[in-house]
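What follows is a structure written as structure tokens; I'll ask about it next.
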Amino acid sequence: MHEGMRCSPSTGSRLRNERMTGTSAATTDVPPLSGRSWFITGLGIGQICSWGSLYYAFPPIAEAMERELGWSKPETYGAATLGLILAGFAAYPVGSAIDRGHGRFVMAGGSLIAGLLLLGWSQIASLLPFYLCVAGIGIVQAATLYEPAFAVVARRSGSGGARAGITALTLWGGFASTVFIPIVQHLLDTVGWRGTLMVLGGVNLILCATLYALVIDPRADHPERTAPATSAMVGSGIVRGVMRLPAFWALAIALTAYYAAFSAFTFHFYPLLIERGFDTGTVVAAMAIIGPAQVAGRIAIWVFAPKASVRLIGSAVVLVFPVALLALQALPPSFTLVAAVAALYGGANGIMTIVRGLAVPEMLTREAYGAVNGALAAPGTIARAIAPVGAASIWASTGSYDAVVIALVIGACILVIGFWSAALLSVRASRAAI
């Protein structure tokens, strides 16, 4: 009988030790990724296209739809909120499916469905079908963006060897907004929002689905992975065990606060700066700094701290968020300050993408990566959907973005406390298990 199927104390002790220490009985020497160059490159190009077409394309397309169809922003962005909430609920089952070896089916199939939904969206003329299409796209985001891609990398390399692959993948993904926002704007100017959606649908149907189907090969997965016949039962048991760890809940609180602050800042940075008296050209210039800063932050980790622990990297970078937000609130407005805040925020956010991708194997467990990461991401994804609406409500009740920034500072402080607590608790758990 497979070891994970026994309900004996020794098995529970073994799984607990693996969760605490981050080691696996299956392997101690992690070989390099098989076919890593083509695997990461293909997955990375797919992530640029998935993020660009399913996430970054929404605001400019929504604006064009509002002008033509006469819809309000709450009506259009309500659909995006619904989609993100559904993505949060889909995160755990998607991660669990990838743990069972279905990464190719999940990501390639998700891209095919995304393409069909984008094509359907291009034909709508009323709110109900629009909401249905965007809600469906929210669900397939859980199957095509970073979390499933990280789980695929962890399965290919073994969780203990996922660091290099996840870091490289985030470098690729960091170019999504830089590549796709100009493309989408050009398409909107030339073929309109319906034609733009048709092109983006084709990108998912032809490019993304093909890349994911070609590069994700279950036969090349690392041998530490659990046997398919028993992985569902073992995976759910590991998730239940990890959820009994205080470090899991501290990390969940930290990441939920991060997602909420990140989402609210992203959606409200533009109107906040307009309220502070900056013209639109200056605001766009400041926002354009964020994308390159994200890539720069990830490169800095790649070059200067390739082997530093995620606990150390995360504990340092979370401090940047409250500092940047306090500077934005307390110091006199100037483009230099705003540019510095945008650069700090972008760099820290880029590094946090790596941290959240590696927190599970380095702080919780190297087993059932997809399911555990999905469980961690679910409340954060829902918070990411709700936070912009909450920030708008604060602004509406106070008539100023000052209270919104204060709320963001509080959220950033919760992130700091939560992550530091998770780091400390995971270290103590590791020492207790030795």
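Backbone N, Cα and C atoms are what each Cβ position is placed from, and that goes for glycine too.
A TrEMBL annotation is a machine prediction, not a hand-curated record.
OK, TrEMBL features for this one:
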COMPBIAS  8-27  compositional bias 'Polar residues'
REGION    1-27  region 'Disordered'
TRANSMEM  38-58  transmembrane segment
TRANSMEM  78-98  transmembrane segment
TRANSMEM  105-122  transmembrane segment
TRANSMEM  128-154  transmembrane segment
TRANSMEM  166-184  transmembrane segment
TRANSMEM  196-215  transmembrane segment
TRANSMEM  248-270  transmembrane segment
TRANSMEM  282-305  transmembrane segment
TRANSMEM  312-331  transmembrane segment
TRANSMEM  337-359  transmembrane segment
TRANSMEM  371-397  transmembrane segment
TRANSMEM  403-427  transmembrane segment
Should the transmembrane segment (166-184) and the transmembrane segment (248-270) be scored as in contact, given a threshold of at least 3 Cβ pairs under 8 Å and pairs 6 or more apart?
no
Return the stretch with the most CB pairs under 8 A relative to the transmembrane segment (196-215), choosing among 105-122, 248-270, 282-305, 371-397, 403-427.
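So the stretch in question is 105-122.
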Determine whether the transmembrane segment (248-270) and the transmembrane segment (403-427) share at least three Cβ pairs under 8 Å, counting only pairs 6 or more apart in sequence.
yes
Between the stretches 105-122, 128-154, 282-305, 371-397, 403-427, which one has more Cβ pairs under 8 Å with the transmembrane segment (337-359) than any other?
282-305
Of the listed stretches (38-58, 128-154, 282-305, 312-331, 371-397), which one yields the highest count of Cβ-Cβ distances below 8 Å with the transmembrane segment (105-122)?
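By the under-8 Å Cβ criterion, the transmembrane segment (105-122) pairs most with 128-154.
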Using a Cβ cut-off under 8 Å, which residues of the same chain at least 6 positions beyond either end of the transmembrane segment (78-98) come close to it?
58, 62, 105-106, 130-131, 134-139, 141-143, 147-148, 151-152, 155, 232, 235-236, 368-375, 377-382, 384-386, 388-389
May I ask for the residues of the chain that lie six or more residues beyond the transmembrane segment (403-427) and have a Cβ under 8 Å from a Cβ within it?
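Contacts of the transmembrane segment (403-427) (Cβ under 8 Å, skipping residues fewer than 6 from its ends): 245-248, 250-251, 253-255, 257-258, 260-261, 264-265, 268, 272, 311, 314-315, 318-319, 321-322, 325-326, 328-329, 359, 363-364, 390-391, 394-395, 397.
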Using a Cβ cut-off of under 8 Å, list the residues of the same chain at least 6 residues beyond the transmembrane segment (371-397) that approach it.
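For the transmembrane segment (371-397), the nonlocal Cβ contacts are 77, 80-85, 87-89, 91-96, 99, 142, 147, 150-151, 235-236, 238-239, 242-243, 248, 251-252, 255-264, 266-268, 356, 359-360, 364-365, 403-404, 407-408.
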